[in-house]
Amino acid sequence: MDKAQQDALKKAAGIEAAKLVENGMIAGLGTGSTVKFLVDELGRRHQEEGLEFTGVTTSRRTQAQAESYGIKIVDIDDVDHIDVTIDGADEVDKNFNGIKGGGAALLWEKIVATNSNQIVWIVDESKVVDTIGKFPLPVEVIPFGAGQVIKKFEARGYKPVLRLDADGKEVRTDENNFVVDLHLERIDHPQELAEDLINTVGVVEHGLFLNMVDKVIVGDPNGPRVMTNANK
């Protein structure tokens, strides 16, 4: 699948997911290449159809994009609930376990998600896998002592790599932390790994989102299809 085909599937999933946002709602808006298409469609509906809703974003990038369309964006602490959060995912399996954080927004994404009545992910078909872990697992760590955390990860066989930008500088999250990517290839026991990571001093959050999502809208060549989590 080339990039143009992949983008077409992402766009189709984003447009389908935008239908979930209705007048008067408080909607969580995620981060990433697929969410960009979602926000474009919500912006179009706001400007052309008069859709009025309030957004809570998981990154400053998404906030800037939404506000460029005139969409009202507020801080998460200024709302008492979020009706639905729509976000992307880097991988998702049949048990609705996912990896997120390829865009370095995993902490804000998880905070918004855990305060939402409904969580929806939008992905293209390449993101649906049998076993998660092929995509490097992002872990957000504070800069102080980050090298020590990386050594611990190396000792556990997690194959950590500090994420750098195109200039060779450390990638910084919106909270000014570092991102360490774990090249695990496959994750057979995600719950155990999640507990190990979050109990490591210096780790702020990890990109494992386990059985959190309610629906996954998959961009498919035959049209968007919906995976529904029966355990939620």
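Any Cβ shown, glycine's included, is placed from N, Cα and C.
Source: prediction; values computed, not measured.
According to Swiss-Prot, the substrate binding site annotation covers Thr31, Gly32, Ser33, Thr34, Asp87, Gly88, Ala89, Asp90, Lys100, Gly101, Gly102, Gly103, Lys127, on the basis of sequence analysis. The active site, proton acceptor annotation in Swiss-Prot covers Glu109.
Features recorded in Swiss-Prot, as mapped to the structure shown.
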residue : record                       : CB count, 10 Å
Thr31   : substrate binding site       : 29
Ser33   : substrate binding site       : 15
Asp87   : substrate binding site       : 31
Ala89   : substrate binding site       : 26
Lys100  : substrate binding site       : 30
Gly102  : substrate binding site       : 21
Glu109  : active site, proton acceptor : 28
Lys127  : substrate binding site       : 25
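Neighbouring residues of the recorded substrate site, listed in sequence order and excluding Thr31, Gly32, Ser33, Thr34, Asp87, Gly88, Ala89, Asp90, Lys100, Gly101, Gly102, Gly103, Lys127, comprise Gly30, Val35, Val123 (Cβ within 8 Å of the Cβ centroid). Taking the C-alpha positions, the distance from Thr31 (substrate binding site) to the residue listed as 'active site, proton acceptor' comes to 8 Å. The shortest Cα-Cα distance between Glu109 (active site, proton acceptor) and any of the binding-site residues Asp87, Ala89, Gly102, Lys127 is the one to Asp87.
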